[in-house]
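Per TrEMBL, the features are as follows:
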type	residues	note
DOMAIN	7-188	domain 'UmuC'
BINDING	D11, D106	Mg(2+) binding site
SITE	Y16	site 'Substrate discrimination'
ACT_SITE	E107	active site
Amino acid sequence: MAQIKKFIHIDMDCFYAAVEMRENPHYKTLPLAIGGPPDKRGVISTANYIARQFGVKSAMATGQAIKLCPNLIILPGRINFYKQVSEQIHEIFRRYTNLIEPLSLDEAYLDVTNSRVFDGSATLIAQDIRKAIYDELNLTASAGVASLMFLAKIASDINKPNGQFVITPNEVNSFIEGLELRKIPGIGKVTAEKLKILGFKTCLDIKKSNLPFLVQKFGKLGISMWNKAHGIDDREVVSDRVRKSISVEKTLNEDIYDWKEFTHHFDILYRELEQRINRNDAIQLIRKINVKIKFEDFKQTTLEMVSSELNYLAYMDLSKRVWDGRRNMRGVRTIGLGTILSAKEPIEKQQLSLMFD
């Protein structure tokens with residue numbers, strides 16, 4: 001009989017905002033968000049729970065957030081400081097297991113299947129991790145505990161903030177059958193609406209369907225949904241995640257129509273990409289390079305070419321081809337430069353947010 005796995009998903013509560021409230025308690029009673037300024041097309045990265053009561057959400061345009069909450073305090077964020085705090089959290093994780101898969105600075109999967117702490121009780125381990133984070137760092141975390149990774153992630157959201165939820169192996173089937181499809185990671189609003197039109201609201205509805213139909217309608221996502229509805233998730237926690245690409249991009253303060261101005265921003269981005277490639281020791285792993293440009297009408301185009309090196313002239317050539325052949329007089333809103341890497345060796349995962357660059 002296969003060993004039953006024990007996964008914990010830890011999700012820090014409004015992490016960036018919580019760190020700022022810890023550093024300045026004055027913010028605790030005020031609506032607070034971390035994000036870019038509205039006059040520079042900024043977006044909200046996270047908001048505290050007071051701001052969320054006004055409808056402020058992550059990924060919302062800062063201008064819209066201010067309309068919902070005129071007294072909203074917006075801080076630019078301190079990504080390097082948040083990374084330091086995140087590392088302190090991971091030091092706590094390592095007291096219980098070395099099998100840690102970070103998803104971002106504020107969340108991670110832990111495999112505690114073979115942990116001897118608390119006689120291997122994942123529930124008690126999750127409680128103790130959360131207590132240690134609060135006692136030592138004055139921050140709160142929520143946790144989900146389950147035998148399947150996707151269920152652990154879903155469970156961590158149920159008793160947020162500062163809570164945890166456990167799905168025992170005996171409860172897996174009943175929990176899954178009653179699970180709304182929109183709560184499954186990877187199913188967004190558009191897909192959820194399409195599923196609803198087809199009569200699928202819960203995993204039980206998917207379970208009653210057949211795989212060929214789901215594949216016809218949803219492709220690979222159909223397979224993923226069918227597996228999850230049947231309690232199949234064979235993923236393992238991957239401690240050393242392999243970076244498949246490194247890229248940089250910038251959304252401009254104003255749309256640009258002049259090639260000379262474009263090259264100015266291009267040069268800055270290229271230097272930044274070069275620094276990130278070198279920082280990750282990935283120069284020998286490059287196998288493709290690409291340029292992505294988004295226009296004023298929000299449509300975007302991408303050109304790529306095979307290359308084993310970081311080549312300024314090659315990037316410039318791709319950019320010029322887009323500018324001359326695909327722009328059609330439209331202003332440029334976003335410029336992105338990227339690389340596709342071969343998976344020869346693990347590269348340290350970093351959360352890169354241009355909002356903080």
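All residue numbers here begin at 1 and follow the chain in the order shown.
Just so it is clear, glycine is given a Cβ too, placed from its N, Cα and C backbone atoms.
Shown in sequence order, H9, I10, D11, M12, S156 are the residues of the chain, 6+ apart in sequence, with a C-beta less than 8 angstroms from the C-beta of E107 (active site). Here the recorded positions are D11, Y16, D106, and the one whose Cβ sees the fewest other Cβ atoms within 10 Å is D11. Distance between Cα atoms for D106 (Mg(2+) binding site) and Y16 (site 'Substrate discrimination'): 8 Å, as a whole number. In the three-state DSSP assignment, the secondary structure recorded for D106 (Mg(2+) binding site) is coil. In the predicted model, the domain 'UmuC' (7-188) shows an average pLDDT of 94.
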